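Peer 1: The structure follows.
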Amino acid sequence: MFGRTHYCGEVTDMAIGQTVRLKGWVQKRRDLGGLIFIDLRDRTGIVQIVFSPDVSKEALQVAETIRSEYVLDVEGTVVQREEGQVNPNLPTGTIEVHAMHVTILSEAKTPPFLISDKTDVSEDVRLKYRYLDLRRPVMFQTFKMRHQVTKAIRDFLDEEGFLEVETPILTKSTPEGARDYLVPSRVHPGEFYALPQSPQIFKQLLMVAGFERYYQIARCFRDEDLRADRQPEFTQVDIETSFMSQDDILAMIERMMARVMKVAKGVDISIPFPRMSYDEAIARYGSDKPDTRFGLELVDLSEQVKDCGFKVFASAVQNGGQVKAINVKGAADKYSRKDIDALTEYVARYGAKGLAWLKVEADGLKGPIAKFFTEDEQKQMMQTLEAETGDLLLFVADKKSVVADALGALRLKLGKDLQLIDESAFHFLWITDWPLFEYDEEEGRYYAAHHPFTMPVREDVPKFETDPASVRAQAYDLVLNGYELGGGSLRIFERDIQEKMFKTLGFTEEQAREQFGFLLEAFEYGTPPHGGIALGLDRLVMLLAGRSNLRDTIAFPKTASASCLLTEAPSAVSEEQLEELHLRIKDVQKVD
């Protein structure tokens, strides 16, 4: 019953005259009165099946009962299509299969949406019937690419001498980073495991163990607010290695990405990738993950305007802030006052109090703020911004962080709106020279910019107590087309530096020992210098497959509210289960 000679999408002219046996789903059925045509679909494509009384009356009778999405077993002869019947849009469009036998393996209800790449249905419906959504060819191709990417990574790392090692899913909760997903212990009442946010500590312990080269296609879990490129459970390519410098690690990852791009996209990319310091990325692009496929770089005018007649600019600089601008080439006529008002509202979302603007005309700068600048100041501004007639100049004056956030976001919006981005290009970039700490003004304390195990630049260690904000990290992020693919660093491997790190982050000695004592003790048994990286597999596939949503690269994803519409998880559990776990649920309001 289950013998198959060909896949549907692979029946070609070479098979003309042969008897083939196919399996698949009914994509479309057409009854032309005496003849029935069925498009049979499997994961490789579609082939046309013809049911004719001249070939088999029995098969034709069965075909009369067939409907969309029925699963069929068809045996027939491959025939050249008649002239005028060729379908140039199908790889199998020059042939058809004349059915001699057909068996209905499974019937189907009418699906809630058309199984087609062009289907127009809400994402909620697609996620509720995900098993139907995954039948669409575009979805299968995405997951085929995911498989190719994962295999290319595994093959490369195997050739480089890495071992794939699985680390625990049930582990210890730590307060740093995002919220943990907690798992109550039945055996230890009142105590909890946490699902891992990453295998970070375990992979470092594998370096202490002498494994030297480790990797894992790791499942990770973070209970954080979601957006289009975030999921509560995700997959990362987790890599750790001993006795390699930062340059060694970056060069190896570049070779790995070149392999991935060749396998998955058939393109050769140039290595080494460009490198840019964190400070330079913020200064030029207003972002630590800049999209370098287009220009519109930020230009600092603070020094030029600190004494100008426009008080908004002058006071911003005098109060320790910045004035930066973007020159939107040739856009003066493309943006009306109403359009600029919309841009002003847009930057307000990022904290900007306003968006100043000028248009470059043949006789000089025109706009609401032009009158505040002398002729010499206008000339100097135009020279700095390389402004020409027809350009639109957009300014934000505020705290440095607000200027970066607002103009960085505006730059991306303008790039998309003006179609300045080459969507076929792949621009990889390393961001290096990160700060080790970030200061949270609301909580009045420092956080690790990456994580608490990142090695500082050695000469900066004495600044832990005197000037933490100036301590540099031996850390690096890999960026692709404006998305952070992942981050890594050299790791702390000496107990005294790790203890100083915990102290700067606000841990008491007792807290550090309680949460990380096993790691601190391990560092006393001969720890090699080591480092690594973690790359987001879901996000990498999203970019390579040209998908706009991370959920399209995960077989059974969660919604923005971290729920599964297919299984209706999360869900309530029985009182008996709660009793076993020694838990009681407080009165809570259900979140829609």
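The backbone N, Cα and C atoms fix where each Cβ goes, glycine too.
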Peer 1: In Swiss-Prot, which of 20-23, 200-203, 400-403 is tagged region 'Aspartate'?
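Peer 2: Result: 200-203 is the stretch Swiss-Prot calls region 'Aspartate'.
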Peer 1: Determine which of Gln216, Gln231 appears in Swiss-Prot for the same ATP site as Arg222, Asp223, Glu224, Glu484, Gly536, Leu537, Asp538, Arg539.
Peer 2: Gln231
Peer 1: Restricting to the chain of Arg491 (L-aspartate binding site) and a gap of 6 or more, list residues whose Cβ falls under 8 Å of its Cβ, or answer none.
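Peer 2: Result: Gln204, Met207, Phe453, Thr454, Met455, His530, Gly531, Gly532.
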Peer 1: What span in Å does the ATP site cover, taken as the longest CA to CA distance among Arg222, Asp223, Glu224, Gln231, Glu484, Gly536, Leu537, Asp538, Arg539?
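Peer 2: Output for ATP binders Arg222, Asp223, Glu224, Gln231, Glu484, Gly536, Leu537, Asp538, Arg539: max Cα distance 19 Å.
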Peer 1: By the DSSP assignment reduced to helix, strand and coil, which category contains His450 (L-aspartate binding site)?
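Peer 2: Coil, per DSSP.
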Peer 1: Let's see if you can do this one: DSSP helix, strand and coil counts over the region 'Aspartate' (200-203), in that order.
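Peer 2: Across the region 'Aspartate' (200-203), the residues distribute as 4 helix, 0 strand, 0 coil.
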Peer 1: Test of understanding: give the count of other CB atoms lying within 10 angstroms of the CB of Glu224 (ATP binding site).
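Peer 2: Its Cβ has 14 other Cβ atoms within 10 Å.
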Peer 1: Kindly assign Glu224 (ATP binding site) to one of the three DSSP-derived states: helix, strand or coil.
Peer 2: coil
Peer 1: Within 10 angstroms of the C-beta of His450 (L-aspartate binding site), what count of other C-beta atoms is obtained when all protein chains are considered?
Peer 2: 20
